[in-house]
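What follows is a set of notes on a single structure, which appears directly below.
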Amino acid sequence: MPLRFSNTPRFSNTHRRSRRAIVAAAAAGALVLSAVGATVAYAQEDEPTDLIVNGDFADGTAPWWATENLTDQTVSGGEWCLDVPGETENAWDAIVGQNDLPLVAGESYELRFNARASAPLSVRTLIQRDVDPWPTAVEEFSVLDTEAQTFSYTFTASEDWSDAQLAFQIGRNAEPWQFCLSEVSLFTDAEPPVYDPDTGPRVRVNQVGYLSDGPKRATLVTEATEPVAWELGDSGGEVVATGETAVVGADDSSGESVHTIDFSEVTAAGEGFTLTADGETSYPFAIGGDLYSDLAVDAMSFYYPQRSGVAIDEAIAPGYGRDAGHVDVEPNLGDGAVPCFEDACDYTLDVTGGWYDAGDHGKYVVNGGISVAQLMSVYERAINAPTGDPDRLADGSLRIPEHGDGVPDVLDEARWEMEFLLSMQVPAGEELAGMAHHKIHDESWTGLPLMPADDPQPRYLYPPSTAATLNLAATAAQCARLFEPFDAEFAAQCASAAETAWAAALEHPDLYAPDTSPDGGGPYGDSNVTDEFYWAAAELFITTGEQSYADQLAASELHDGYEFGPGGFSWGDVTGVAKINLATVPNALPDRDMIVEQVVAGAEVYLGEQESSPWDLGYGSNGTFDWGSNSAVLNALTVVGAAYDLTGDRRYRDGVLVGLDYILGRNALGNSYVTGYGSHTSENQHSRWYANQLDPSLPNPPAGTLAGGPNTVTSTWDPVAQRWLTGCAPQWCYIDDIGSWSTNELTVNWNAPLAQVASFAAEQVAVAQSPSCEVEYRINGSWTDGFNAQVVVVNTGDEPLEDLTLRWAMPTGQSVASSWSAEVVQDGHLVTVSKLGGGYPLQPGQQYTFGFTGDKDARAAVKPASVTCTAG
Ligand code: 9MR
C-alpha cells in the first residue's frame with residue numbers, strides 16, 4: 001500500500017511529536033536512566049488521544065453517518081465501502097462523516113486515513129463546524145486511486161470547538177462509483193504543520209532572463225556576514241563574469257538574511273546562464289534582446305479561455321477547448337435572460353458573454369472594468385509611447401478567433417468584455433436607467449472542479465451601483481476613442497453608453513455596493529466613488545474634449561496634490577488609471593503638466609522602494625501584501641513605465657525591467673508567479689476549470705497566467721492559508737495550492753497589468769529608433785474644425801539617414817486632410833510619413849520640413865504623444 005501524503009513533496013512529511021514516540025517507548029519499558037522520570041511523567045500527561053470513535057470500523061459504522069443517498073454500504077476487514085450514486089451536482093450532495101469532535105485552540109492535530117475509489121477521482125476532506133457559514137480548519141482535496149493510499153493532514157486549531165465534524169464530501173461525479181475508507185484517526189498532540197515549499201537554489205534570479213541592455217540583479221539567501229564570490233556561467237559551463245556580493249543582512253520581507261548580486265555589466269547573450277554563489281547555483285536564465293514577447297502574447301491570450309458564452313476552440317487554445325459556459329443549454333440556466341436578485345427589478349437582461357472574473361463563474365463590472373481598461377491601454381500605450389510598437393498587437397497577434405478582421409487582437413479581446421459591460425446597463429425607461437448592475441453570479445458558491453458549462457446554479461443581476469456605472473462610463477469612453485477607426489458604429493455605441501452612464505451616476509452618486517455579498521459571489525464592495533468619478537471624467541474628457549469633464553476633474557479633491565499609494569491603483573481605487581491616461585494620452589487639459597508631475601512623482605516613490613529592497617521590490621515595504629499583491633507590484637510598475645514614456649529617463653525603464661524580476665522568480669520562494677515562465681512556477685491557481693490538482697484530466701492554467709501572490713491580511717485567509725501560512729514572513733504568505741483562493745487565485749484584473757508590463761518589456765527592444773533623427777512637431781495654426789502642422793526632421797548624427805519613416809498616433813478628434821513635401825498617410829490611429837525631401841537620404845546636419853493640414857473637432861489641436869523616426 002503506497003503511503004502518500006497530500007501535497008508532497010512540497011511540504012515536509014509531518015509526524016506526531018516525538019513525545020508520542022517517547023510514550024510508546026516508555027510503555028515498552030525501553031526508557032531507563034534517571035533523567036527520564038520527568039520526561040515520562042510529562043509524556044503521560046500529554047498522551048496523544050484519538051478523537052475518532054471506531055476509526056477501524058471494528059464496531060460496524062456507528063457513530064459514523066452518511067447522507068441518505070448512500071444506502072449501499074459494507075464493512076469488511078476494517079474497511080467501510082459506500083456506493084456513491086452518479087449525477088450529483090456538488091461535492092456536498094453525498095457526505096460521510098463523524099460529529100462531535102472537540103478541538104482546542106492552539107492544539108495541533110493529525111488527521112490520518114486510508115481511502116480508495118473504484119475509479120481515480122478527488123473528494124473534499126473537511127474538518128469544520130456544521131454551522132453556517134461552516135468555519136473550516138481543514139479543507140483538502142484528496143485525490144483517490146483504485147489502490148488504497150494513506151492521507152495525512154496536520155493542522156492547528158485556531159478556536160475551541162466542541163462540535164467539529166470530519167466530513168468527506170464525495171458527490172459531484174457523473175458516474176456512480178465506490179468510496180472505501182479505513183484506519184481513520186484524528187490524534188491530538190501532533191507536530192504543527194510546517195510550510196516547507198521547495199524554494200530551489202538560494203541564488204534567486206529572474207528565471208526568464210535579463211535584457212542585454214537592462215539591469216541584471218539577483219538575491220542570495222545566506223547567513224554569511226561577509227561578501228561572497230559569485231560567478232556567472234554560460235550554458236557550456238564557461239565562466240563569463242565574476243564578482244562579489246553586497247551584504248544586506250536581515251530582510252523583513254523574506255524573514256531571511258540576504259546579499260545582492262549585480263551583474264548588469266554583462267552584455268553576453270544566450271540561453272542557459274546560471275549564477276553560482278555560496279555553493280549554490282541558480283536556475284538557468286537567458287540574457288538577450290527579445291525575452292518578453294512570448295510572455296506578452298500569453299498574458300493577453302489568457303483571456304480567451306476565460307470567455308463566457310462561447311465554446312473555447314481547442315485549435316486556438318490547445319489543451320483548453322471546452323463547451324460554451326452559461327449559454328442557455330442545460331444544466332446551465334444561461335445568461336440570456338437573467339433576473340434581478342430578490343425580484344428587485346421586473347426586467348431580465350441578456351448578459352451572455354464577457355470574461356469569468358477569476359476561478360469562479362461570476363462576472364463583476366468593477367473588476368471587468370479595470371481589466372478591460374488596462375488591456376485597452378496596452379494598445380493605447382503601443383500607439384502613443386516612444387517605444388511603443390503597435391505592430392506587435394496587430395490582427396493575428398494573439399491566440400483568439402477574431403483573425404482577419406483588421407482589428408488589433410488586443411482590442412478584439414477587450415471588445416468581448418466591453419460588450420458584456422454594455423449589456424449590464426439598466427435599459428431606458430426603467431427606474432435606474434443608465435446605471436450598471438454591479439455584478440452577475442450564481443445563487444450559491446459551487447465546488448471545485450466545475451466546468452462553466454456544468455454549472456447548474458440560478459444566476460442573478462445584483463443591484464446597480466455608482467461604482468459599476470462609472471466603470472462603464474470610463475471604459476466605454478476609452479472604447480469610443482480606440483474603436484473609432486475600426487468600427488465607428490461600435491465606437492458610437494460606446495460613446496453613447498458612456499455619456500448615459502455618466503449622467504446616471506451624477507443622478508445617483510451614492511448607490512454603494514456593500515462589503516458583504518449574498519452567497520455565490522464576491523462582494524466588490526466600495527463606498528468611496530470619488531476615484532471612480534475622477535476616472536470616468538478623465539476618460540470622457542480625453543475622448544470628447546468637453547469642458548464640463550475638465551471642470552469635473554478640476555473640482556475633484558483628487559486633482560491637486562494627488563500622491564500615488566502602495567501598488568499604484570486597484571479595482572477599488574482607480575485614480576491612478578485616470579492619472580496615467582491623462583498624462584500619456586494626448587489631450588488639452590490646461591494643467592496636464594501637473595498630472596505628469598504626479599505620475600513621475602509616483603514612479604519615484606516606487607523606484608525608492610525598489611532601491612531599498614534587496615529584491616528590487618517596489619511594494620510591501622510596510623509589511624502589508626494585499627490580496628492579489630502581485631497585481632499591486634505590477635500596477636506600480638505601470639506607473640513607472642508611464643514615467644519612462646513621459647520623460648525618456650532610463651531609470652524608469654530599468655525600474656520596470658528589474659521590477660519584473662520579483663514576479664518571475666527573484667523572491668523568497670524562488671517561485672515564478674507566472675505559469676510556464678521559469679523553472680519553478682505557480683501552476684495550481686484556484687480555478688474551477690484549470691483544476692488539474694483535483695482532477696488530472698483537467699489542465700493547469702495556461703502559460704502566462706499570474707497567481708495572486710503573497711497575502712498578509714490574515715483576516716481574509718482561506719483554510720489552506722490558515723493551515724500552512726500562520727506566522728509567515730510577508731513573501732512567504734503564499735501557497736501554490738488550488739484551495740488557497742486568498743493567495744493563489746487567477747483573475748482578469750491581475751493578468752491585465754502583467755499584459756501591460758510584459759508588453760512594455762517586450763517593446764524595449766522592438767523599435768529600432770534612429771538615434772540621430774530629431775523631430776520637432778509644431779502646430780502652426782488652427783481654426784474651428786481644422787489645423788495645420790509643420791514637422792522638422794534633423795539628422796544630428798554623422799551618417800546619412802536613408803528611407804526615413806516617421807510614425808505617430810493621431811490624437812483623438814484629429815485627422816490628416818492634405819500634406820506637402822512628404823507622403824503622409826493615416827491608417828486607423830496611425831500616421832505614417834515617407835518620401836521626406838523627395839525620398840533622398842537626409843545628410844548629417846541637414847533638415848527636412850514637411851507639413852499637413854488636419855481636420856479636427858471643437859477642441860484645441862494637440863500634439864501627438866510621441867513621434868517615432870526610423871531609418872533604413
Ligand atoms: O480581488 C478581490 C480582493 O481585492 C478582495 O479583497 C476579495 C474579498 O472580497 O475579493 C477578491 O476578489 C475575488 C472576488 O470576490 C470573487 N472572484 C475572485 C476574486 C479574486 O480572488
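Note that the numbers count up from 1, one per residue, in the order the chain is shown.
Just so it is clear, glycine is given a Cβ too, placed from its N, Cα and C backbone atoms.
Those TrEMBL annotations? Automatic predictions, nothing curated.
The signal peptide annotation in TrEMBL covers 1-43.
For His686 (among others), the entry in TrEMBL reads active site. Within the same chain, residues at least six positions away from His686 (active site) with a Cβ under 8 Å of its Cβ are Ala358, Gly359, Leu448, Ile738, Gly739, Ser740, Trp741, Asn744, Glu745, Leu746.
The feature active site is assigned by TrEMBL to Asp736 (among others). Secondary structure at Asp736 (active site), taken from DSSP and collapsed to helix, strand or coil, is coil.
Marked as active site by TrEMBL: Glu745 (among others). The number of other CB atoms found within 10 A of the CB of Glu745 (active site), across every protein chain shown, is 24.
Residues or ranges marked as domain 'CBM2' by TrEMBL: 766-872. Over the domain 'CBM2' (766-872), the average per-residue pLDDT in this prediction is 93.
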Counting every protein chain present, what is the number of Cβ atoms, excluding its own, within 10 Å of the Cβ of Asp736 (active site)? 23
Using a 6 Å cut-off on Cβ distance, which of the active-site residues His686, Asp736, Glu745 come close to any atom of ligand 1? Glu745
DSSP assigns the residues of the domain 'CBM2' (766-872) as 4 helix, 58 strand, 45 coil
